[in-house]
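Copied over from Swiss-Prot:
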- 1-175: domain 'Macro' (DOMAIN)
- Asp11, Ile12, Asn25, Gly33, Val34, Asp35, Ser122, Thr123, Gly124, Val125, Tyr126: substrate binding site (BINDING)
- Asp35: active site, proton acceptor (ACT_SITE)
Amino acid sequence: MTSRLQVIQGDITQLSVDAIVNAANASLMGGGGVDGAIHRAAGPALLDACKLIRQQQGECQTGHAVITPAGKLSAKAVIHTVGPVWRGGEHQEAELLEEAYRNCLLLAEANHFRSIAFPAISTGVYGYPRAQAAEVAVRTVSDFITRYALPEQVYFVCYDEETARLYARLLTQQGDDPA
């Protein structure tokens, strides 16, 4: 049986999956890093969908997740989540990051998505240490998929080789084959 968890090094905007996760900011209006890359690749329809969500419910709070159509992306949808800003680890950062991953997975499950791709949430300008963030991500996703049938496939999409090796090592340590 192949693992439901896989590590990919590359550009998350190029994946043909049911849902791509966007490491968004609270405004949902795009920004730097993966957030900006997803908005640019998806085109103006994504920004319009995000504006509509803001009009309906305001900003997206840390740990929460919302879903939009994917615009020009190959994915069916984009799930936007706001990860925590790293403030030394004493301000519930791990719990909030766990909540962000779990809420994305719950949206994927509720929408009957078979596949989802995650970036390394909060590790860019939000400053979350990569190794600690990866541990939270792998633990949270692994726990979720033992309880739910969907999504069937979860991808950790890493921009660089070092981060990809980190995720692969964590998956191997827990008995998964990340390839």
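Cβ coordinates come from backbone N, Cα and C, glycine included.
Positions of the features from Swiss-Prot, shown on the structure.
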{"residue": "Asp11", "record": "substrate binding site", "DSSP class": "coil"}
{"residue": "Asn25", "record": "substrate binding site", "DSSP class": "coil"}
{"residue": "Val34", "record": "substrate binding site", "DSSP class": "helix"}
{"residue": "Ser122", "record": "substrate binding site", "DSSP class": "coil"}
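Regional average pLDDT for the domain 'Macro' (1-175) in the model is 96. Counting other Cβ atoms within 10 Å of each Cβ, the lowest count among the recorded positions Asp11, Asp35 belongs to Asp11. Rounded to a whole number, the distance between the Cα atoms of Asp35 (active site, proton acceptor) and Gly124 (substrate binding site) is 10 Å.
Long-range C-beta contacts of Asn25 (substrate binding site), restricted to its own chain and to partners at least six residues apart, with a cutoff below 8 Å, comprise Gly31, Asp35, Val82. With respect to Cβ neighbours within 10 Å, the binding-site residues Val34, Ser122, Tyr126 differ, and Tyr126 shows the lowest count. Across the residues annotated as binding substrate (Asp11, Ile12, Asn25, Gly33, Val34, Asp35, Ser122, Thr123, Gly124, Val125, Tyr126), the two Cα atoms farthest apart lie 20 Å from each other.
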